[in-house]
Amino acid sequence: MADHQPRFIKVAKYTITSTPAGLKTALLRLIIYGALIYLLAEFLKWNVKQEAASNKFSEDSAVEYVQSILLLLSSTVFLYTSFKYRSLFPLSFALFAFMMASLIREQDAFLDEHVYDGAWQTGAFSLLILASLLIYRKKAIFFSNLNNFVHQFSFGILLSGIVTTYIFARLYGRKVFWMAVMETQYVRDVKNVSEESLELFGYALILIASVEFYLFAHAKNIEIELKTHQAQSSFPISA
């Protein structure tokens, strides 16, 4: 007796793995990201030799410019991701806004001198308010994005970068701490070099996180497309 129960045929079977996937991928990440950190360390060594005595890593130093470049690159990656992968737009744009606000904050001296005093606050807080309004309007999508993101490799790197730059570096660079370390031989340059180097490392982690976030968004987009393809390709066939 023929079985007339409907059967479903799927065109193909796909497996989506989250990043980082596999030993080769992990090794490639180690090489690329390790090379980035090495280059930054060499840059710091070169720059500290170029700076004049008693003025190392000041507001106009090359280190400050590189920090701004790293923030700009991170912001660009998050912004590009927000428009390329619309399913992650609220989260991507929020991350872009945070990074761009940090970049504006880094330009405070320039903006105060060439625009008006307090210009960076206007720019940074306006952007953050815009991002907050967008999150509020799309809060369901945002929290869904965030729930997926916190389980990703990129989230761990981003969290490490934020904690390093915005919390530990600030506390580590306190004058009272360095005065206790060097006592009567306190030298401001030592504090500046140490603090700014740590901030640069944190910004590098954030840049790495932005790249990993893009890879996560790309993988998520492929997963959505494959699920849609599978749903459209499944059809009942009678025996």
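Cβ atoms here come from the backbone N, Cα and C positions, even for glycine.
A TrEMBL annotation is a machine prediction, not a hand-curated record.
Cβ atoms under 8 Å from those of the transmembrane segment (21-41) belong to residues 66, 200-201, 204, 207-208 of the same chain, restricted to positions at least 6 beyond its ends. Under the heading transmembrane segment, TrEMBL lists 21-41 (among others).
Note on the transmembrane segment (61-80): residues 40, 43-44, 47, 50-51, 92-93, 95-96, 99-100, 102-103, 106-107, 196-197, 199-200, 203-204, 206-207, 209-211, 213-214 of its chain, located 6 or more positions outside it, place their CB under 8 angstroms from a CB of the stretch. What TrEMBL records for 61-80 (among others) is transmembrane segment.
Per TrEMBL, transmembrane segment is recorded for 87-104 (among others).
Positions annotated as transmembrane segment by TrEMBL: 119-137 (among others). Counting only same-chain residues 6+ beyond the ends of the transmembrane segment (119-137), those with a CB under 8 A from a CB of the stretch are 90, 93-94, 96-98, 100-102, 104-105, 107-108, 111-112.
Summarising the annotation, TrEMBL assigns transmembrane segment to 149-169 (among others).
The feature transmembrane segment is assigned by TrEMBL to 200-217 (among others).
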